[in-house]
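Visitor: Right, I'll just put the structure down here and ask away after.
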Amino acid sequence: MDTLLTAEIAVNAPRYRRRSSTFIDGIHDVPSEQGNMAPAQLYSTMSGRLFHSGRIAIVMVGLPARGKTHICVSMARYLSWLGVKTRIFHLGDYRRATVGEGGHVPQDYFYPNASPASVMLRQKILKKCREDIYAWLNHENGQVAIYDAVNPTASGRRALAREFAKHDVQTLFIESYVDDQDILKENARNVKISSPDFHGMDPDEAAQRYLKRIETKIPVFETMQEEELNYVKMINAGQAFFYNNVSFNYLSHRIVFYLTNLHIKFRTTFFVRAGTATEEDYKADAPLSEEGWAYARTMAESLIRHREQERQSLIEQGGPDLPLRPLSIWTSTRLRTIQTAEPLREMGYKVRQRSQMSQINPGVCEKLSERAIRNLYPEEVEKHELDPYHHRYPRAESYHDLAVRLEPIILELEREQNDLLIIAHESVLRVLYSYLMHCSTRDIPKLRFPRDEIIEIIPAAYQNEAKRVHIPGLDPKMIPGSPEDIRIPVPDTIASLSPIPGMSSPTDSAAPEIAITRPPEKIVNTAKEMVSDKVADED
Amino acid sequence: MGRFNGVGIQAEETHICVVMVGLPARGKSYIAQKAQRYLKWLSIPAATFNVGNYRRNNAPHPSADFFDTNNAEGERKRRAAAEAAVTDMMKWFKSGGVVGILDATNSTKERRKWVLERIRGEGVEVIFVESKCDDEELIMANIRDVKTTSPDYVGQDPEQAALDFRNRIRNYEKVYKSINADGDEDDLTYLKIMNVGKQVIINRIQDYLQSRIVYYLMNLHIRPRSVWLSRHGESMLNLEGRIGGDADLSHRGEEYAMKLPQLVLDSVGSDRPLTVWTSTLKRTIATARHLPKHYNQLQWKALDELDAGVCDGMTYQEIADLYPEDFQARDADKYNYRYRGGESYRDVVIRLEPIIMELERSEDILIISHQAVIRCIYAYFMQKTQEESPWVPVPLHTLMKLTPRAYGTEVQTYKANIKAVSTWRGKGSTAKHEDPLPEGGV
């Protein structure tokens, strides 16, 4: 894979300091210039660190196939969204880069009585990774470094905590402990499915073999019991938790709360828009129009067809013949979203309404033309164009307000175990999508969700994937940014289709063709290759 | 259709019963009371049902023997009290309750099984919350502090009372079984807090609201402490009767800043350091700047004054002239009224939630902030309703000390005796600052 090749070249370059998984781990791709606050960040500081919490090293503990990487990535995504500067350091990346592509670590690499050569290699890899962690915390204003490795022994963990303390960094260990055989097999299956080693093998047997191999490779693993260390033990993918709290601080508690809601089961999230309503007034909360109802039915059919197709293609690829996961539906409390879910509800799907998911409040901009707004609030328009994410028109909500309001939904989103369809206003979809796909605040107000697409978000170990599923046969008039959009807080980029042309920034209106083609979609389809490489990944 | 409380947590049709577990003097009532207050502050209907209060109807001043499990009569009365408390709680759920807290020892497996079946039978989720503590010193401190003031021992010799209470605990200890100590209660949803949060076990949390309660309880501690609250010294805008802004202190405001260290020292009673939290606005930072060097100081954006939006920097008269409907709308429902382009009290409460969390985790904190923010924090500690809290008078140049106790929060005020303008305005009154009526005082 190219990214790994790049990583290898980079790591061996004499003056290059690796920024961990910048190449493959989507959490790190957001520019971090001054003043670019994270979506739900409550305040900013000069150093970029939240000032009531020190620097923290989160050290992962657990054997392979325990969902560690998934936990790391989710945690990093959430913390970054809260405005905490976080970076993951996957030790596996360093090991791969050091041994080179196709290379393997010696058989006794993890043995307690390893040969001197193996010990040397291990230390070389560890050193490189730690150096990067310190550089991140000391010189790049990092606040949280997540160290993703097996860390199997108590003595190793104690030494690590001591070392971090010397650098004035607090250590929080997070162990993923699994003894439930079903969860282990499921994890092993998900990781191993595409490996050539297990090609053509019964998936159950492949999983068994893989787990056996881990046992031989890492013969010693001590679960955490160190009374003097701060640790969280997540047992069987979140069924139970054990906390040993020596000195938790604010961020540790926040992380704990997040983990309580996290699970490591596989499920997908779908986003769709609501249908068009008879009246586009924010306060009116009007019912669906005829076209809106037609849209609701077509969307429901497309979604169900798509889910069935996905299942079939999985079976064709040799996957197990499992029934579809149940689907839950969330709407806001606005009438048009509730009615858009109606055809699905009639088919027996469970629909829940969430008040926090109502669209961004347009404030004084409601029902005003662009010209009127420019005349009435020239200063506000100016401020808005400078920072469309944080700026708030009189009595309106900014995207930032919306993100803060949606935070509980984010936690519930993590908690949900069924597949989930979210039917909401474009402004809400933007914010939720930005959390799952880790977008920068600069891009969030510009994300587009045309009505003829269902967005499917598929979780993957390193980075979520987004897919756009086409809904065929819709009236083209209702597809793009509809009049229900709030013109002002959300400058429309599709100038030619807007009833108020020219609202968007000059560059956008100058090149409407480019604006019509959607902004760069963050569709990542590399998970499989990533995972195939993880077969030999033992730390 | 679901029910919504409007503050970011959807209660829906959820009914949760929090069942306290643990020996007496382990801070159960304290935890119960805190959880209730926190939830109500977030507009989630919550109530505590204390089995001891029901039992007192039948046995007002029982001796330790009453609590011996071999005492059939005592056992029968205590079971009846539990039944009565649960029955009342179910009635309360039907009238809109969301989180009911059953405050009792529930210290045996049999009792927990009974409670679980009884409550689940009514379609209510059950989460057990156990406080387990074997630090003898802490237990004795708790006994002295709480139980000698308990209604059971009213008018009795405190020494005698403490002794009797210790014996009562012994009777419970004989049969006490910590949750899942035998490994056969693994299917319960529970939170077990050991030695005041040193270790915590969380098992089978079912939904978001449960996880939120658990998160809050994990942040609690029962070490004694106080919270000090003060507004900034009088500012230049205060002098002109203008709201908001980011002005410097007035001359008298400076005087208050100079006097504050002594005021704090008198209240703390020793040179034990406090941690000082200010907002990011000039007037609070200036007010804190003469405090001793060994006090840590932090600035929180979340402690900034309620954002008055377009009205920022105006006098009430100007607001009344320019936005007459707004002025009236604010009086009609001050808690929910959101200034044009600004915030409501409800918005402030939501942004203060992390502060409250952090406050619960910390020990001695001095907060120097602004009128609306102090009102919201005060409302949290003093259980003020949404109707009352936005009207609480918080005069300038006054230090407040809040000390949480098992059965409520104690308030002491320290006046600096430095004159300042009033920034208080009564409901429905003219657009002027006025002096609050004496009986409305903090």
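Using the three backbone atoms N, Cα and C, a Cβ is placed for every residue, glycine included.
Found this in TrEMBL, in case it helps:
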type    : residues                                                                                 : note
DOMAIN  : B:10-224                                                                                 : domain '6-phosphofructo-2-kinase'
BINDING : B:ARG231, B:HIS232, B:GLY233, B:GLU234, B:SER235, B:MET236, B:LEU237, B:ASN238, B:ARG283 : substrate binding site
Visitor: Among B:ARG231, B:HIS232, B:GLY233, B:GLU234, B:SER235, B:MET236, B:LEU237, B:ASN238, B:ARG283, the annotated substrate contacts, find the widest CA pair distance and round it to a whole Å.
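Guide: Those residues reach a largest Cα separation of 14 Å.
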Visitor: In sequence order, which same-chain residues at least six apart have a C-beta under 8 angstroms from B:ARG283 (substrate binding site)?
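Guide: Long-range Cβ contacts: B:HIS232, B:GLY233, B:SER235, B:ASP246, B:ALA247, B:ASP248, B:LEU249, B:GLY253.
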Visitor: Select the most exposed residue of B:ARG231, B:GLY233, B:SER235, B:LEU237, where exposure means the fewest other Cβ atoms within 10 Å, treating these as the binding-site residues.
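Guide: Output over binding-site residues B:ARG231, B:GLY233, B:SER235, B:LEU237: least Cβ neighbours within 10 Å is B:LEU237.
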Visitor: Neighbourhood of the substrate site (B:ARG231, B:HIS232, B:GLY233, B:GLU234, B:SER235, B:MET236, B:LEU237, B:ASN238, B:ARG283): other residues with Cβ within 8 Å of the Cβ centroid, in order?
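Guide: Leaving out the recorded residues gives B:ALA247, B:LEU249, B:SER250, B:GLY253, B:LEU396.
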Visitor: So, in DSSP terms, is B:LEU237 (substrate binding site) helix, strand, or coil?
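Guide: It is helical.
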